[in-house]
Amino acid sequence: MTHSEYRDEYCGAVTESLIEQTISVVGWVHRRRDHGGVIFLDMRDRAGILQVVVDPDTPEAFAIADAVRPEYVIKITGRVRQRYAGTENANMTSGHIELLAKEIEVLAKSETPPFPLNDEKSTVSEDLRLKYRYLDMRRPQMQDRMVFRAKATSAIRRYLDDHGFLDVETPILTRATPEGARDYLVPSRTRPGNFFALPQSPQLFKQLLMVAGFDRYYQIAKCFRDEDLRADRQPEFTQVDIETSFLNEEEIMNINEGLIKHVFKTMMDVEFEQFPRMTYAEAMRDYASDKPDLRIPLKLIDVADLMKDVDFKVFAGPANDPKGRVAALRIPGGASLSRKQIDAYTKFVSIYGARGLAYIKVNDASNINNGVDKESGLQSPIIKNMTDDVLVSLIERTGAESNDIIFFGADKASVVNDAIGALRQKIGLDLEMTTCEWAPLWVTDFPMFEETEDGRWTSMHHPFTKPKGSVEELKTNPESALSIAYDMVLNGTEVGGGSLRINTLEMQTAVFEALGIDDQEAEDKFGFLLDALKFGAPPHGGLAFGLDRLIMLMVGASSIRDVIAFPKTKTAECPLTQAPAEVNTKQLRELGIRVREKVQADTSKSAE
C-alpha cells in the first residue's frame, strides 16, 4: 500500500480518479517556476512527476514554496483538481490534473547539486555521475531504468517459479578455477597463504546441484571477472543462471526462449515468433560473427576461388592460404558513399587488424552480360588487376546492381571476420538499413575447441561442455569436434549462452586430455566434480543470461553501467566509495600479507 504517515499516493500515480480529494504527497522538488504571482512546483518521486500549484491565498504555504529550491524534500497536502484546458501535459501520467497546495512542510533541505537533475539533455561526465550516483539515480530516466530492471527480474522469477524451477543460492567464496578470465582472489585469515576466489559463474555448483537431484535450478547470481572492461562488461555483473536435468538441447532452448518471450511481452508488450536457428558455421560464413545482427540484411559472400590467379597479391595471397579468407560485402546504393566516408570506414576496419579496405563501385551494371565497362561501369583502383571474366563473375555472385558498392576483406580468416563483420554492422546502422526493431536468434553447433597461437587447444565455451559424438571420435578428431552448445543473440548482442554438460567421467577425462590437462592438474582443480561424476550424474544442461546486458538492450541504454545501480568505471573503480583502496597494516598483517614498497611507489606515481 502507498498510504503512510507521510503520503497517500505516489506523485506519479495521482490521476483523475482522485479529483476533488485532499491528499498528501512527498518527494523532491524537480523544478520551481514563478508565473504571475503563482508558484508552480514539479514534485518528483520514483513513480513520476506531479504539478503542484501554490497561490497567495495560502500565505504560509506560499512563503515556504517561495523559499524552496530544487532537490528539497517536501511534503505537500492539497486538493486534486482538473488542469485548465490547454495546460494539460500528455507526456505525464498526471498530466491532466494538478495539486492545489494547502500545506507545505520541508522535510530536508538540499545544497545545489553538482549537475542538473531536471535536464536529461545536460552533458555531464560519467565520472561525475558515478561519484554522485545517489543523485544521478534521482533523474527520471535512471529511476525508470531501475524500476524496469526490478520488474523484469520479478517477471523472470515468476516464469521460472511457474515452470518448476527452484531458486538455490551457491557460494560466493569458492576456489579458483580457470574459466577464461582472471579471478578476484580473497585471502584466507584462518589459512595463511591460501585464497578464496569470487565466482566467475556458478557453473560447477549448479552441475553439482543436478547430481544432488535438484533437476530444475535457477539463481539471480552475482559473478566476478577481473578482465579489461568494455561497454558491456563489468568486474561484477548479474546473470540469470539456469540448469536442468533430463532435458535435451531442444527442450532447454524452448524453455529459455519462452522466458525471453515472457519478459518482452510482460515488460514491453512485444511478441516474438519462434526464434530462427543458425549454426556457428553458417553465422561465420554469412555474417563473419557468431552473434550476427539479423536486423541488417547484409551478407558476406566468399570469393576466394575467383581470386586465386588474379594479379593482385593482396587478394591472391589469402585466396591460396588454407587459413585465409577473401570475402565481399555488397552495400545496395552504396556507390553514393563519398571518398571521405570510405576513408573513415578504412580507418574503422584497421582497428580490427585489417591493412586496408578494397572496394568496387558499381556505377552501371546494365550491360554486365556483354562484358565489363571499366571506364564507366565500375570504379575502383583494383579493377585493373582483374580480368573481365573475374569481374563479371564477381558482379554475378554478389548480385551487385547499379549504384552499389562492394567492399572486400582479404587476410587471415580471423582478421577478415573481425573487420568485415564489424564493418557490416557499422554500415548497416550508419545507413539505417535495419528492417525490424528486434531480431532474436539461436546460434548452435559451436566448435568444441579453438586453437591458440601456440598451437594448443582451448575450450570455445568451457571444459564441461558436452561434445557431439563418442569419446573415440573426440580423441581421433578433436579439431572437427562440435559441441552441444547454444547462444541466444539479440540485435547482434549475445544475451545468453549454454550447453549440455558432460555427465560421465570417461568423457570429461577425454576433454581434459584434449585440452592438455593431465590427471594431476584435473584432480587438483576439479577433483570434487570428478568425484561427483562417479556417483550417478544425470544428463543435464543449462544456460545463463546476462541480466545487465538484456536490460540494457530492452531500455535502449548504450552501456550496462546505465542499468546498474552502483557500477564500476571502465578501470574497475568506484568513484563514489573510492574503491579499491589501501587497507591498514594491521588488516594486512592478520592476513599474512605484506605490500612491497615498489608496488606502493608505482601506485603513488601513477596516481600523481
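Each position is counted from 1, following the chain as shown.
Glycine residues also receive a Cβ, built from the backbone N, Cα and C atoms like all the rest.
When Swiss-Prot is compared with the stretches 59-62, 203-206, 555-558, the one noted as region 'Aspartate' is 203-206. Binding of ATP is attributed by Swiss-Prot to R225, D226, E227, Q234, G546, L547, D548, R549, and the same site annotation extends, among E169, E282, E479, E494, to E494.
Note on the region 'Aspartate' (203-206): DSSP counts are 4 helix, 0 strand, 0 coil.
For the pair formed by H461 (L-aspartate binding site) and E227 (ATP binding site), distance between Cα atoms is given as 17 Å, rounded to the nearest Å. On a Cα basis, R501 (L-aspartate binding site) lies 20 Å away from E494 (ATP binding site).
Spacing of H35 (site 'Important for tRNA non-discrimination') relative to R549 (ATP binding site) is 45 Å (Cα to Cα, whole number). Taking only the Cα positions, the spacing between E227 (ATP binding site) and R501 (L-aspartate binding site) is 25 angstrom. The CA atom of G86 (site 'Important for tRNA non-discrimination') is located 43 Å away from the CA atom of L547 (ATP binding site). According to DSSP, R549 (ATP binding site) is assigned to a helical segment. Of the recorded residues, L547 (ATP binding site) and R225 (L-aspartate binding site) place their C-alpha atoms 15 Å from one another. Note on E227 (ATP binding site): other Cβ atoms within 10 Å of its Cβ, all shown chains, come to 14.
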